[in-house]
Amino acid sequence: MDALENERDGGGMRAGRSAAPGSCRRRRWPGILDVAGSVIIRARGTSTRSRSSIRMPENTMTRRVARTAAAALTAASLVALAGTATTAQADDKDAHTGAKGTHAGKHPIHVLYLKFVKNKQDHTDSRLYVVRDGSVVKSYRAGSGQGPDAMNECRVMKGWLPSGDYSVKGYERKHNGDIKGYAIALSNATCKDGKTARKDLFIHSEMTRDGGRGGPESQRWDGVKDYNSNGCIKLRPDHIKDMYGWFEKNGWPRTLKVVG
């Protein structure tokens with residue numbers, strides 16, 4: 001040990017060989033490092049010395065530091081792997097607990113839309129369907145248009161909705177225009193002549209702004225005659241409320257398909 005410390009302190013060959021052999025044997029038997037880095041094997045009870053083929057580092061401290069660093073690196077790697085596994089587990093959990101209506105493992109994406117089928121025998125007895133994954137899940141009697149021109153989609157304020165695809169622009173429960181209460185706003189459309197525009201289109205009923213029954217005719221549902229409209233799709237008050245209730249639990253359609 002003394003020889004090694006002297007060697008670190010700059011004693012070199014001279015310091016290494018000036019150490020007492022007896023003390024070296026007692027502390028580091030069967031050998032010590034010589035200046036060349038070889039182990040000097042000293043047999044018990046003899047003074048014979050031979051060089052071993054085993055080579056050792058010149059600086060034992062360096063070797064200890066290397067072992068310590070390797071152990072630390074291994075420990076750090078294990079911690080990093082554990083962290084990665086935990087993160088992956090958390091990500092997987094999040095992917096399966098997403099909000100309803102998003103792509104989440106427990107809530108698969110559904111193809112959901114509205115479909116209005118016009119009845120050419122009676123425009124007040126048409127049907128509005130809620131369709132999910134190709135199957136009808138809700139069906140309501142609905143009307144569109146009024147008077148002799150009810151089935152002429154190019155008659156503004158008289159004819160029913162032009163056939164085609166519409167975007168749902170929004171859902172309201174307290175609409176406060178000419179239409180009041182529950183109202184589903186639709187995108188504009190062009191009728192089959194290619195130039196007549198149909199605007200301000202809704203799916204609605206007849207009620208007050210708060211969803212109740214009012215005094216004016218346009219704010220109270222009296223019966224079958226109220227399925228007539230200026231071109232919008234009209235439902236009974238209880239039916240449109242029932243439909244909203246289903247949407248709240250299952251998702252809100254963003255498109256309407258009109259056929260017939």
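The backbone N, Cα and C atoms fix where each Cβ goes, and this holds for glycine too.
Annotated features, as they stand in TrEMBL:
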type     : residues : note
ACT_SITE : His204   : active site, proton donor/acceptor
ACT_SITE : Cys232   : active site, nucleophile
COMPBIAS : 1-11     : compositional bias 'Basic and acidic residues'
DOMAIN   : 117-260  : domain 'L,D-TPase catalytic'
REGION   : 1-24     : region 'Disordered'
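When the alpha carbons of the residue listed as 'active site, nucleophile' and the residue listed as 'active site, proton donor/acceptor' are compared, the span between them is 7 angstrom. The secondary structure of His204 (active site, proton donor/acceptor), as reduced to three states from DSSP, is extended strand. DSSP states for the domain 'L,D-TPase catalytic' (117-260), grouped as helix (H, G, I), strand (E, B) and coil, give 24 helix, 51 strand, 69 coil. Over the domain 'L,D-TPase catalytic' (117-260), the average per-residue pLDDT in this prediction is 98.
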